[in-house]
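Have a look at the structure below, then the notes.
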Amino acid sequence: MVAFSALSGVSAVSLLLSLVQNAHGISLKVSTQGGNSSSPILYGFMFEDINHSGDGGIYGQMLQNPGLQGTAPNLTAWAAVGDATIAIDGDSPLTSAIPSTIKLNIADDATGAVGLTNEGYWGIPVDGSEFHSSFWIKGDYSGDITVRLVGNYTGTEYGSTTITHTSTADNFTQASVKFPTTKAPDGNVLYELTVDGSVAAGSSLNFGYLTLFGETYKSRENGLKPQLANVLDDMKGSFLRFPGGNNLEGNSAENRWKWNETIGDLWDRPGREGTWTYYNTDGLGLHEYFYWCEDLGLVPVLGVWDGFALESGGNTPLTGDALTPYIDDVLNELEYILGDTSTTYGAWRAANGQEEPWNLTMVEIGNEDMLGGGCESYAERFTAFYDAIHAAYPDLILIASTSEADCLPESMPEGSWVDYHDYSTPDGLVGQFNYFDNLNRSVPYFIGEYSRWEIDWPNMKGSVAEAVFMIGFERNSDVVKMAAYAPLLQLINSTQWTPDLIGYTQSPGDIFLSTSYYVQEMFSRNRGDTIKEVTSDSDFGPLYWVASSAGDSYYMKLANYGSETQDLTVSIPGTSTGKLTVLADSDPDAYNSDTQTLVTPSESTVQASNGTFTFSLPAWAVAVLAAN
């Protein structure tokens, strides 16, 4: 158990005692009869490659710019070692997708180790696991090749291996190595690949698509970093929306996320210029997203491109017959995902290593089509995609990318959902508390993105406001089916959006859990299947609540959006004991970051007297009482 920190002179011990003190204040009485059903997949994740959350983040490949991808290749992250220079070679393509390779020019009088280094994504996290590296090589050479992980400033070696390899000038050949490592104290580590300079003197060698992986989550090939995957698994989310987000849209039709260019061997994926200022390798592609869902037990929510690029980029929005090739492309993607091996695209999936179809039940058509000039044409575009997809796959749940009526068909198709996004101030989120009370119950809602914004790090005021917003939609989780905080992940060294749920650097174990992360974890891990009626002698504000049950277990979620302690009595007939989890700080501006961890949850066991729990909730607090 971690106690509260930095609480304006109130000791952690006295505060914890105050949580279970006898007090008389707001009375909450939970009905054990009846109730409304609550969505079993209410809490989950929205992911797109922003803030280097994919490349350089949860995706396990650690080398930056591994294949010199793109129409303007460069040597970012690469440097030469020893008596040699490196250059981009566009005349020695590895594949049609990787048209440029690194040419290593070795001096005539070279001796010792010569080769190249890669600095990773602002470092390489060497965690002490077994590492694996692969690379393609072309050129006349027969001799030793050494792969090392070495301190950038210290020269300390954290792992190495040497193999003997023979290559020719005619074709690329692939080499692969595995080697043990010792844990590095930080991320200031270089990947180094060298050959014997005395053997290769005066020659040149080409290297193509180099990779470096440590241990991956559940040992999945081309998989996720376990440190970040474990943090997500701790949240016990239920779904994953991918691949975006703005990064699905792209800046034009040509620049959109193309599913068929994210599958197969890494060196057959050209990558693309992402919409968040950096190139995406697409090593984290369609297969990897579905394996992510399998390995973390998540329901996949697939976003598909719908004829609209970010801010009406290129010649978008497309309408009428211009949509036909893109509708066909989505149908091909769905056949790839859902078709058996007798179908053209199902057979292609099997050839790429996935024999059985994936379990896809939900598809979202577009992203935020209410913005950037997309609204006026969205009803037409949504209908065109909906009709084609529904005709081919009538069991799929199809989700519109907005909930704004002006952008939607006059009558939504039966069974379709809408997507509601809300980035706001703390007061703005609290003001949305009862928004979902008055929804049309015939159209289910997906809250695809929400959070407090316009701040560097989530703080207590914002996180409590998010909890109020979450209590509001959980009270209505008969119609609000799913909700996801966004953005999810943030490499501290390269950030395009703040605040974010989880921060990290490349130092092993350097993961920063925000106050908002703990709110998400507390709410997601304590879920009932039925929302219970709660009667009170007080109105909502500054205290907010929702109660649910699953069998004999009851969950009361509370948020105190104010500077005063709230004394509570919570009555749940038939219960006798409970676990009280509280996240609080008397300073509404308190936050966790890469330099400080001020606020973490505290847990205590509480006893009921005749089914009634009595405790106090501190200022700026979020709490969950799990009782049985």
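Each position is counted from 1, following the chain as shown.
Glycine residues also receive a Cβ, built from the backbone N, Cα and C atoms like all the rest.
Taken verbatim from Swiss-Prot:
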SIGNAL    1-25  signal peptide
CARBOHYD  Asn36  N-linked glycosylation site
CARBOHYD  Asn51  N-linked glycosylation site
CARBOHYD  Asn74  N-linked glycosylation site
CARBOHYD  Asn152  N-linked glycosylation site
CARBOHYD  Asn171  N-linked glycosylation site
CARBOHYD  Asn260  N-linked glycosylation site
CARBOHYD  Asn359  N-linked glycosylation site
CARBOHYD  Asn440  N-linked glycosylation site
CARBOHYD  Asn493  N-linked glycosylation site
CARBOHYD  Asn610  N-linked glycosylation site
Asn260 (N-linked glycosylation site) in three-state DSSP notation: helix
Cα-Cα distance linking Asn493 (N-linked glycosylation site) and Asn610 (N-linked glycosylation site), given in Å to the nearest integer: 54
Least Cβ-crowded entry, counting other Cβ within 10 Å, from the glycosylation sites listed as Asn74, Asn610: Asn610
Residue among glycosylation sites Asn74, Asn152, Asn171, Asn260, Asn493 with Cα closest to the Cα of Asn440 (N-linked glycosylation site): Asn260
Candidate nearest Asn36 (N-linked glycosylation site) in space, where candidates are the glycosylation sites Asn74, Asn260, Asn359 and distance is Cα-Cα: Asn359
Candidate nearest Asn152 (N-linked glycosylation site) in space, where candidates are the glycosylation sites Asn74, Asn171, Asn260, Asn359, Asn493 and distance is Cα-Cα: Asn493
Residue among glycosylation sites Asn51, Asn74, Asn260, Asn359, Asn493 with Cα closest to the Cα of Asn171 (N-linked glycosylation site): Asn74
Packing count at Asn440 (N-linked glycosylation site) (other Cβ atoms within 10 Å of its Cβ): 11
Asn260 (N-linked glycosylation site) versus Asn359 (N-linked glycosylation site) - Cα distance in angstrom: 19
Number of Cβ atoms other than its own within 10 Å, given for Asn152 (N-linked glycosylation site): 16
